[in-house]
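Below: the structure, in structure tokens.
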Amino acid sequence: MSNPFNINHGTVFHTNDPFWTLPLDGQDAANGRVEVYINGKKVDFVIDENDKYVIDFNQPLPEGKHVVTVMTFDPAGNPSPPGVFLLDVDYTPPVKPEILRVVDDSGADPYYLTSGEVTKDGAPVLTGSGEPGTKVKLMNGTEEVGEVEVDSLGRWQFTPELKEGTNTFTVVSIDKAGNQSESDPFNIYLNEKPADAPEEIARQPVTQDTAPVVQEEETPVDPIPGAMAPVLSRDGVLTFDGYLVDPQDEGALVQVVVDGVIYSTTIKDLQWSLDALQLEDGLHVVDIRYTDLAKNPGIPTQFLFEVDKTPPEQPVILQVYDDVNGRNLSPMGSTNDTTPTLVGVSEPHSVVYVYRGDRELGSVEADANGRWEFDTSTVNLTGSSHQFKVKAQDKYERESIFSDTFPVNFDIAPPQKPTIGGASDDVGTPTELVSNSRTDDDRPTFRGQAENGSLVTIYVNGEAVASTYADAMTGNWSLDAPLEAGENIVTVVAKDSAGNESEASDEFVLTLAEDPNQPLIGGLFNNDGDVPVAIANGADTNDKTPLLTGEGVDGDIIKVFLDGNEIGSTTVKDGEWSFELPEIDGLQDGEHALTITVTDEFDQTSDLSEPFVFNLDTQAPDSIDIGAGTVVDDEGNPIEEGVKTGDDKPTFTGEGTDGDLITIVDQDNNPIGSAIVSEGRWEITPEEGLDTGEYDLGIIVTDPAGNESEKSEDPFKLIVDTTPPENLTDVVLKDNTGPITDPLTGDPALIDDPRPEFSGRGEAGSSVIIIVDGEEVGTVQVNDDGEWSWQPADDLEEEVTHSFVAQPVDEVGNRGEATAPINIIVDTSPVSLSALVVSDNEGIYQNDLVSGDKTDDTTPTFSGSATDGSTVFIVDKLTNTIIGSVQVNNGSWTFTPEAPLDQGNYELEIYAQSPYGVQSAKTEFNFTVDLSTPEAPAFGTDFDIWDDVGSITGKITQGGETDDVRPEFKGTAEKDEVIFIYADGDTETAIASIKVDESGEWSWMPDTDLGEGEHSYQVAIRDAAGNMGAISEAIEFTVDVQAPLNGRMEGIWTNIGGSNSSILPDPDGEGEYIAQSKDNSPVFSGRGEIGTLVTIYDKDNGNAVASGYVQDTGRWRIETIELQDATYNFAIEFSDAAGNTETIDVEFPVKIDTTPPGPPITAPIPETRGLFEIDEQGAALSVNDVLQQGQQDLFINSGTTQLMVTGKSGAVLNLEDLTNDQNEWQQANGSVTVGGVEYNVFQSAGKDVELLVQQDLNTQL
């Protein structure tokens, strides 16, 4: 079956109809069925009443290109070959077209017009942009004048014929789907007749319409497939190959249809292919069809193949736009815009590269119309001559050739200042006008010089009214310009072709004359005297030839009329005119009217002015006298004729005729004052004071017309005496209250006398006026001795300033010079002092002192509160001297002595005193300035260091040892002193500070344990005043907390008959080991740390039975005291000098058995050896006593004679010296416990004897 629709394969339909109708004839398929596919998807359709197929989409077709396939089937179901065509759906209006360039090519060089400009070219060339492939209609107003196709670069060109006058061009772009868009208007004014150029019209900005918005509808259940995007190719080679998976397809037919041309092949080995096709530029519709062996066609597959093998066409620069002056530039044109905008066309969507000569400036992408625009403000263009060119690059990076060059010149230099050479008046008699001329031509012709070819614009009173071009060769210009009535200031400005404007020319001033206005009479003057006197309109005058004046225009003629009759004329000069009326015979007293007219230089005469009326009066008034009681002084008191007055400006009063001038003159006719009579009365007070002397005064009356009366016949004698009395002297104000009286000081002076005495000296018999606070409060008489005084009757107001002034006055009231004011403030209010603070600002203690404190600050600071303005005094009562004083400011005060205070006690009295002597209550404050330095404390006298740990306790001696890791420092000092302790030679930083308590004692222990080894401490005292004392000598001792090492027993020995035998343990009958000794003083031996004290105890009772020291050999050997026969359990204690101990047990008991076998023998008990007991009376022992009564190595095996002293607690043991040498006896460190009793150890200086003295005995060295 053939294709019933007869549509060529690849036909392209364009539409903007969302519900497009298939262009098919329904009758051809009446007996079969039809299937329609869009982009490979089957869609529904209907047949309308015109037998046309209508695709039933139920929604708008998506915008873009769609491949439509139509297949028909006969009643038997056999398909026809499919019909394939391309549907381009386009709802979007074309991109707004533009008129980019209008070229006037009527002259030798083309000129690029700007919208609104004038041209003489009746057929300019219009060039613009639009969407490629569309058509544009050119409209002049509403008239279509042509149609042209937009080329592939988006460019169009048309040459219309203009009509005379304004032509408004627009272009309408119409795409293939019928969508339209319209450009902005471009105005051209055709003037083929020579005429002045109109004013420049500002170029309107061009805007681009936005594409219409297509509203998206709700997506249907079965949406239409979107537009098909073409496959792009830059070489045009199209290759095909494929495969099938069903073995039954072997041998089936595959057809490829390209733009209606069929290429066939069969399937072999389930694969198929075609030779490559070479396609030309453009869009190609490709349709792949499959027909099986049963001739059943499959659904075709379509796609679009777009070939572009051609590089971009040569782009074009259509426009270089001067943004500063709003105009298009012509090639080789000049501009003062150094960043013009370049506009042109190229292949749509290509990249346009912009060059200045060989320098690339940048790039820009062309739009869908191919239009592009480049703003050179993004680059730096220097120099004056610029050659712009562009090239385009497409999406395959193929480049076009360069565009034609568009040359532009930058010119930013303004033209030279133009001139206005003159103007011509062509109304009436032709006249050449110069600046500051008058003219009756309201449109004179101006001429002048400007830069050759520049545009000259003329301004009248600041507004541009016309323009023309200066001659290209000579620079001459000529132009008519309208004037306004009155003054016109005319200037011109030249603009060169680059748009640079010159400065304005010098002003050329013309005044446009008008018909003269009704004139005004400026004034009328009586000029009979030396100085003209103005005559008011309607006023009187006695001058028959008054002077008439006014203002006008130089050269105008003023004609004067009296009572309607012309009496003369005058000419305006320097803007003014005057006219003196001539003598007129028969001019009678009475009212007269003056009028004027003005005739200008153009013989134009004004209307008559308004009349100026005057009343001529030549009759003199009657004379009058100064009457009694009509002269008063400045206090209103009558001045009698011939009686002295001290008023040099008396007031004269009287009656008269309204409007008359009353003048009082002296005997020499000198005027002393004048006044106009009003309401029948007048009053005159001389402006200048009269000199002292006698005056004969009279009156002259002058009426309004200027007529004068005779002088008064009866003069008034006035005697003026203005000589003031002598000045006051010795004027004082006395304060007679309180501790501070005369003299007063300060301005104002402060006093506490509410009624001070005011006094002085003056001229005897004269009076003194008392003035207080500007008011006269009294008058006192100066006595015969020339003295005067005055006191207020009431107390003056307090705390305000009062001013006292005295002024002498004589009998006629002449006042002498007032005294200088004496200003006072009365204040009797009490003065307070509080919140006293005395601050120590020196040394360690910087704080506020309490009365009775000590301080090391010789310049302590005193401060507090007191009554503002008072003075605080600090007085030492002991010496009755003022230490200092200070002024109170804002209620507070502070004082620091400039000279340091001496060391010693101070008993101060502090009080505040007001400037007028009122004192506050006195505050007492005592302190001591103490600058002495405390002495260094002495070790053993002022303080000790105590060991209270272990077996050896008590005071630690200089260089001694201790096992107390926190020994206690104890001492005495003055209350509130501070003890500083320094360690290990660092005397800069104390490790502790302790304040001495109320009882004068102090103590301190280290916060942490002292380390093993040597330690050194020093002590210093800072007294309560903050003075730091000297540091004590270093106290050194060693901390030893290690128990003696390696102490052990190696054997027990007996010494009987000079024979030493070792005692070894043997088992007794009960199986225990026990050592037996017949020697009741057995010897123990062993090893230990050198110098260690070894003590042997009876463990059963704790009594020591022997002691001795480990010798330098590290060995020890000790013999016990005589022991009673018994069995002993011994323990051996090793003690070092610091009191550290270690005890070991003898591993076996020792049995002492000195009784021989046989019957008992009775023998006396031997006397105790090595013991000395004292009673409560005490005793004295010397070294010799010990040598006589002691025993060698009694307690300790040290090779010395030893003695143990016991007695009643508190008994006194006095250890005597054999010689006068001091310290023959010395106490050893620590103590020894024997049998539970604690003993102190004393040694002789030679260490040949040792005493163990019961510790609670009172031993005196």
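Here the Cβ of each residue, glycine as well, is placed from N, Cα and C on the backbone.
What TrEMBL says about a protein is an automatic prediction, not a curated fact.
Taken straight from TrEMBL:
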{"type": "COMPBIAS", "residues": "641-650", "note": "compositional bias 'Basic and acidic residues'"}
{"type": "DOMAIN", "residues": "100-188", "note": "domain 'Bacterial Ig-like'"}
{"type": "DOMAIN", "residues": "334-396", "note": "domain 'Bacterial Ig-like'"}
{"type": "DOMAIN", "residues": "435-506", "note": "domain 'Bacterial Ig-like'"}
{"type": "DOMAIN", "residues": "541-618", "note": "domain 'Bacterial Ig-like'"}
{"type": "DOMAIN", "residues": "645-722", "note": "domain 'Bacterial Ig-like'"}
{"type": "DOMAIN", "residues": "750-828", "note": "domain 'Bacterial Ig-like'"}
{"type": "DOMAIN", "residues": "853-930", "note": "domain 'Bacterial Ig-like'"}
{"type": "DOMAIN", "residues": "949-1040", "note": "domain 'Bacterial Ig-like'"}
{"type": "DOMAIN", "residues": "1078-1154", "note": "domain 'Bacterial Ig-like'"}
{"type": "REGION", "residues": "418-449", "note": "region 'Disordered'"}
{"type": "REGION", "residues": "628-653", "note": "region 'Disordered'"}
{"type": "REGION", "residues": "730-751", "note": "region 'Disordered'"}
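Counting residues 6+ beyond its ends, the compositional bias 'Basic and acidic residues' (641-650) has Cβ neighbours under 8 Å at 628, 631-635, 685-687, 689-692, 716-722, 810, 812-814 in the same chain. Confidence across the domain 'Bacterial Ig-like' (541-618), taken as the mean pLDDT and rounded to a whole number, stands at 91. Remote same-chain partners of the region 'Disordered' (418-449), defined as residues 6 or more beyond its termini with a Cβ less than 8 Å from a stretch Cβ, comprise 456, 458, 470, 475-483, 490-494, 502, 505-513, 553, 601-602.
Broken down by DSSP into helix, strand and coil, the region 'Disordered' (418-449) contains 0 helix, 18 strand, 14 coil. Residue counts for the compositional bias 'Basic and acidic residues' (641-650) under DSSP, split into helix (H, G, I), strand (E, B) and coil, are 0 helix, 2 strand, 8 coil.
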